[in-house]
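Participant: So TrEMBL lists these for the protein:
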type	residues	note
BINDING	B:Y15, B:G42, B:K109, B:Y132, B:N187, B:N292, B:R388	substrate binding site
DOMAIN	B:35-405	domain 'Aminotransferase class I/classII large'
BINDING	B:Y72, B:S108, B:K109, B:Y132, B:N187, B:Y218, B:S246, B:F247, B:S248, B:R257, B:N292	pyridoxal 5'-phosphate binding site
MOD_RES	B:K249	N6-(pyridoxal phosphate)lysine
Protein chains: 2
Amino acid sequence: MATINDNYLKLKAGYLFPEIARRVNTFIEANPEAQVIRLGIGDVTEPLPQACRDAMIKAVEDMGDRHSFKGYGPEQGYAWLREKIASHDFQARGCDIDASEIFISDGSKCDCGNILDIFGNDNVIAVTDPVYPVYVDTNVMAGHTGDINDKGEYEGLVYLPITAENNFTATLPTQKVDLIYLCFPNNPTGATATREYLQAWVDYARANGSIIFYDAAYEAFITDPSIPHSIYEIAGAKECAIEFRSFSKNAGFTGTRCALTVVPKNLIGKAKDGADVEVWKLWNRRQSTKFNGVSYIVQRGAEAVYSAEGKAQIKALIDFYMENAQIIRDRLTEAGLAVYGGVNAPYVWVKTPDGLTSWDFFDKLLHNCHVVGTPGSGFGAAGEGYFRISAFNSRDNVNEAMRRILEKF
Amino acid sequence: MATINDNYLKLKAGYLFPEIARRVNTFIEANPEAQVIRLGIGDVTEPLPQACRDAMIKAVEDMGDRHSFKGYGPEQGYAWLREKIASHDFQARGCDIDASEIFISDGSKCDCGNILDIFGNDNVIAVTDPVYPVYVDTNVMAGHTGDINDKGEYEGLVYLPITAENNFTATLPTQKVDLIYLCFPNNPTGATATREYLQAWVDYARANGSIIFYDAAYEAFITDPSIPHSIYEIAGAKECAIEFRSFSKNAGFTGTRCALTVVPKNLIGKAKDGADVEVWKLWNRRQSTKFNGVSYIVQRGAEAVYSAEGKAQIKALIDFYMENAQIIRDRLTEAGLAVYGGVNAPYVWVKTPDGLTSWDFFDKLLHNCHVVGTPGSGFGAAGEGYFRISAFNSRDNVNEAMRRILEKF
């Protein structure tokens with residue numbers, strides 16, 4: 001009799017975004033004339049950069065001639081893409097990362113989940129609260145937790161609260177943890193990490209033999225030169241950190257699909273017998289066996305991100321979204337709300353007024369203003385009383401949404 | 001201290017194809033003038049169909065206008081693609097498969113591995129021997145096996161030998177197994193399954209509460225109308241089978257990346273407490289949490305496979321490769337070798353002559369004829385003494401490879 005993975009039964013009924021979609025659809029059915037503006041899910045809205053499109057059209061044409069046709073590519077990604085990433089994203093910032101340490105994938109969401117494949121089931125795992133739900137849910141699925149409690153926390157996970165009180169940067173754990181998820185610029189709070197703060201984490205990890213999963217999906221939104229873009233800008237990080245990056249939010253690849261994971265070669269994990277094992281070898285084996293590389297066409301599109309035209313077009317995209325963020329911050333402040341984030345990050349994190357719960361605020365915003373955001377409690381218990389607003393939308397929609405909030409909330 | 005997944009340490013040092021690449025590279029370095037012809041890895045060589053390229057160029061252009069731009073798509077794939085697949089590949093053959101039961105992915109290799117996420121670790125698992133190595137290695141990684149023995153078999157797996165003696169179709173197990181991998185047309189042997197044979201497996205699975213993982217990646221090569229293309233052509237299969245399909249081998253998508261998995265809604269697995277659980281719900285949750293859908297551009301390319309032009313172009317591609325297979329069969333038979341497969345399948349499975357081992361034959365073919373194939377023993381212990389030759393190449397290369405074998409082997 002085939003049995004199922006019972007850990008799946010521990011998962012909360014709905015992932016956050018499907019629940020939002022359900023409430024929005026119910027509202028639209030009841031109010032078909034409403035012009036709903038979605039500032040909820042962190043999805044980009046503006047066209048793909050011309051340089052990426054040109055490169056992909058050229059790549060499709062390559063596929064039409066048997067001499068330039070590409071069959072299976074390297075599971076790790078093409079060298080020409082890995083080398084450009086190593087050079088532009090890492091070496092240019094003084095990070096000693098080699099192309100061979102970069103693995104191209106079809107998404108950071110996939111990599112953040114799949115990375116658990118290569119680690120033991122006995123690791124103590126720390127996440128911030130609130131947190132990107134994928135980190136938690138993939139650990140539940142892998143059997144790394146107990147049941148969920150009334151607060152919405154899974155037994156066995158170490159939750160590190162991030163709130164206005166600690167400036168949305170978690171205090172280092174007093175207990176020993178083995179795997180730590182950090183995300184900067186942060187989803188959902190929009191907080192950033194200073195060099196000193198990250199150095200404290202790296203020092204903690206090295207002292208405890210821990211490994212940091214560093215999610216840098218939003219690094220392109222950093223404008224302050226003092227804020228590190230990569231964990232590898234921190235001394236010692238190559239010995240204790242894996243970094244996840246994506247083309248989704250800088251180049252608008254959410255529907256095109258390309259990301260990367262950096263696994264340094266001198267990163268070590270422990271076997272049951274205490275032996276040192278190179279984590280790079282395990283991830284290389286995992287990707288070779290359970291993955292077949294990213295579409296050649298898409299990799300050519302990602303490569304164009306590093307061309308002069310690509311860089312200029314991406315800067316314009318980022319600037320555009322960051323102007324949106326500034327407008328959101330300004331108008332919500334004007335509306336009397338306490339706002340965080342939205343500087344060096346595309347998310348604005350709002351304190352709900354009048355003691356409203358996150359979902360109450362969601363419903364009120366949807367019904368009164370026809371604006372969709374994301375309830376902070378969907379990201380964890382400590383997100384209760386907060387609300388995420390995304391800067392990913394057209395200028396007209398952002399202006400109109402803010403106008404409605406100022407007038408009707 | 002972060003621990004690793006010790007199961008990875010049980011894996012044999014090299015996956016089959018990297019070892020082939022290593023030997024070929026060593027040979028080429030020593031013989032730089034040799035014109036090596038690769039009939040080893042099952043990778044296509046001919047251009048992508050015009051219909052698919054046209055659709056992808058149109059899709060790239062869609063990405064350039066914010067009104068037709070696509071961000072995150074459904075994790076399960078776009079409805080327009082799922083509906084065409086359901087209609088053309090399944091309903092047209094009398095299979096009662098709905099679009100909602102089809103999950104688009106970036107590769108069958110990924111799906112074949114990832115599917116284990118949703119099943120229990122206590123299942124008894126059966127594979128044929130020889131077999132596509134990914135089925136075995138992903139079970140090793142998931143901790144479903146013991147160590148490897150001297151024969152190259154992992155303890156705990158049930159191996160079902162397929163050899164000339166049983167016409168390369170495994171005898172049903174006498175013991176009870178829970179998860180069964182079947183692949184038809186078969187990789188590596190090129191064998192096909194009759195309706196009666198598959199009915200026997202479906203009956204076995206239903207009697208034992210087992211689930212069949214049916215890999216139909218090569219179904220497009222079936223020309224004999226009596227051979228089923230899908231397991232769902234067999235009565236009762238919807239209650240006991242998951243099917244994997246790919247655009248890699250019919251439409252040449254090995255470098256473009258698109259595949260699909262069918263999980264019927266009435267497929268049931270058992271929870272630890274004996275409760276029935278819908279497997280569809282688990283896979284849907286897995287894909288929603290650990291995957292973000294296939295590139296919009298690639299999905300549009302896959303959709304074009306079902307257009308009138310696409311169908312005609314794919315038929316021409318398949319016909320071309322199958323003529324290659326016929327040439328390989330004919331010339332190797334002429335050379336005095338016993339050959340199997342290569343009819344309704346793109347692989348020819350050759351008995352090595354004179355008691356040569358599979359790797360001896362590999363080395364002899366490489367050194368004498370500068371032709372690369374795949375050693376049967378790389379697919380499992382019972383593949384020893386066999387050799388796989390792929391029909392995926394240009395006509396000139398196939399003719400030249402066969403000429404050399406006839407002359408120089």
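Cβ atoms here come from the backbone N, Cα and C positions, even for glycine.
Quick caveat, the model's predicted, so the values are computed rather than measured.
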Participant: Here's one to test understanding: among the recorded positions B:Y72, B:S248, B:K249, whose C-alpha is closest in space to the C-alpha of B:N292 (substrate binding site)?
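Facilitator: Of all the candidates listed, B:Y72 is nearest in space.
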Participant: Between B:R388 (substrate binding site) and B:Y72 (pyridoxal 5'-phosphate binding site), find the distance joining the two CA atoms and give it rounded to the nearest Å.
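Facilitator: Approximately 41 Å lies between the Cα of B:R388 (substrate binding site) and that of B:Y72 (pyridoxal 5'-phosphate binding site).
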Participant: Among the recorded positions B:K109, B:S246, B:K249, B:N292, which sit with their Cβ under 8 Å from a Cβ of chain A?
Facilitator: B:K109, B:N292
Participant: At the level of the C-alpha atoms, what whole-angstrom distance separates B:K109 (substrate binding site) and B:S246 (pyridoxal 5'-phosphate binding site)?
Facilitator: 9
Participant: Any idea what the Cα distance is from B:N187 (substrate binding site) over to B:K249 (N6-(pyridoxal phosphate)lysine), rounded to a whole Å?
Facilitator: 12
Participant: Sorted by position, what residues of the same chain at least six away from B:Y132 (substrate binding site) have a C-beta under 8 A from it?
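Facilitator: Set apart from B:Y132 (substrate binding site) by at least 6 residues yet with Cβ under 8 Å, we have B:C112, B:Y181, B:C183, B:N187, B:P188, B:D215, B:F379.
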Participant: When you measure from the Cβ of B:R388 (substrate binding site), how many other Cβ atoms are you left with inside 10 Å?
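Facilitator: Within a 10 Å radius of the Cβ of B:R388 (substrate binding site) lie 26 other Cβ atoms.
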Participant: Would you measure the largest Cα separation among B:Y72, B:S108, B:K109, B:Y132, B:N187, B:Y218, B:S246, B:F247, B:S248, B:R257, B:N292 for the pyridoxal 5'-phosphate site and round it to whole Å?
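Facilitator: So the maximum pairwise Cα distance among the pyridoxal 5'-phosphate binders is 34 Å.
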Participant: Sorry to bug you, but what's the C-alpha spacing from B:G42 (substrate binding site) to B:S248 (pyridoxal 5'-phosphate binding site), rounded to the closest Å?
Facilitator: 10
Participant: For B:K109 (substrate binding site), name the DSSP secondary structure in the helix/strand/coil scheme.
Facilitator: helix
Participant: Nearest of the recorded positions to B:G42 (substrate binding site) by CA-CA distance, picking from B:Y72, B:S246, B:K249?
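Facilitator: Nearest in space to B:G42 (substrate binding site), counting only the recorded positions, is B:K249.
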Participant: Would you count the other C-beta atoms found within 10 angstroms of the C-beta of B:G42 (substrate binding site) for me?
Facilitator: 23
Participant: What kind of secondary structure is B:R388 (substrate binding site) part of, going by DSSP in three states?
Facilitator: strand
